[in-house]
Amino acid sequence: MELVRVTERAAVSAARLRGHGNEKAADQAAVDAMRRELNKLPIDGTIVIGEGERDEAPMLFIGEKVGNGKGPRVDIAVDPLEGTTLCAKDMPGAIAVMAMAQAGSLLYAPDVYMDKIAIGPGYPQGVVDLDATPADNVNALAKAKGVKPHEISVLIMDRPRHADLIAAVRKTGASIRLITDGDVAGVIFTAMQHETGIDLYLGIGGAPEGVLAAAALRCVGGQMQGRLILDTPEKVERARGMGVADPKRKYGMTELANGDVIVSATGVTDGALLQGVRFGKEVIHTETIVYRSITGTVRKIQAEHREFEKFRLD
Ligand code: VTB
Ligand code: MG
Ligand code: MG
């Protein structure tokens, strides 16, 4: 419940600025609320995955200590507002999300891009692979699913950098759903195939989002691989300083997020994963999903908040 409160507060703070066209302000509000709530927790926490460095957004920075210090040593990965543009434009899919695990469990990585591949549960290990061609991956997945390639749905972020990837997937006949933002949920969608229709996630998004997605996917049993994109000597050095010895390393799901991980995400705008925050006259409604890897339990928590003061920053 402590983690639920953290993402609830961040989501409500961001949602106050939902649809106002100001990404930075919404992000800042989410970050401030998340930091304040995290610092109340009885933990000795370190932010190992933060976000913002890349776009110079306000952030909970990597290496920052959080919690009151009187508790277990934990790694924390955060994206206080995942999908700042989605929030600013009130488009579907903005969430406040964080993951927590014992110290040393989450990949300690700089805020760079990550090449990712993910599928939902129920397939043989290794049926798709980050190093296989898009065509081989689609065909192998179709075979494992017992369908034709044109019945496979692939989710890809709509970016110029994905032009070749999109062309290669189109050649297989597979269907592609393009999203403008929000690939933490995008990866998780592969594990909700019956609701989303998505079989495969492919492409390059943020590394922080990759670790958060891996943490959640682990809990529901899909497969994921990721590789940091360290395309300048400066990024290679920065990563090396954080313990990434091999800049080309392909990380499996449990190398991205190991141990007993808990992930909490609260909806900011309405989306396929979560409903957004609703501001009533006397009640604020939030919807949160909590994943726990050790048990594979997934809980959805609908909350009605009646004390609005708790959402105000001091
Ligand atoms: C990625 C993706 C995120 O922003 O970080 C993206 O992982 C930024 O990519 O889910 P670009 O630099 O290509 O815009 C999100 O979509 C939202 O934070
Ligand atoms: Mg963010
Ligand atoms: Mg993000």
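Each Cβ is built from the backbone N, Cα and C atoms, and glycine gets one as well.
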Given TrEMBL lists Glu82, Gly83, Thr84, Tyr113, Arg159, Pro160, Arg161, Asp181, Gly182, Asp183 for substrate, the same-site residue among Gly63, Gly67, Gly197, Gly206:
Gly206
Mn(2+) 2 site partner of Asp79, Glu82 (as recorded in TrEMBL), chosen from Glu209, Glu234, Glu237:
Glu209
Just checking: which of Asp27, Thr84, Arg159, Arg161 have a Cα that is within 10 Å of the Cα of Glu209 (Mn(2+) 2 binding site), counting only these binding-site residues?
none
Rounded to a whole angstrom, what is the C-alpha distance between Asp27 (Mn(2+) 1 binding site) and Glu82 (Mn(2+) 2 binding site)?
9
Taking the Cβ of each of the binding-site residues and counting other Cβ atoms inside 10 Å, which one has the highest number: Asp27, Asp79, Glu82, Glu209?
Asp79
If you run the three-state DSSP split on Gly182 (substrate binding site), which class comes out?
coil
Listed binding-site residues are Asp79, Glu82, Arg159, Arg161, Gly206, Glu209; which sit with C-beta under 6 angstroms of ligand 2?
Asp79, Glu82
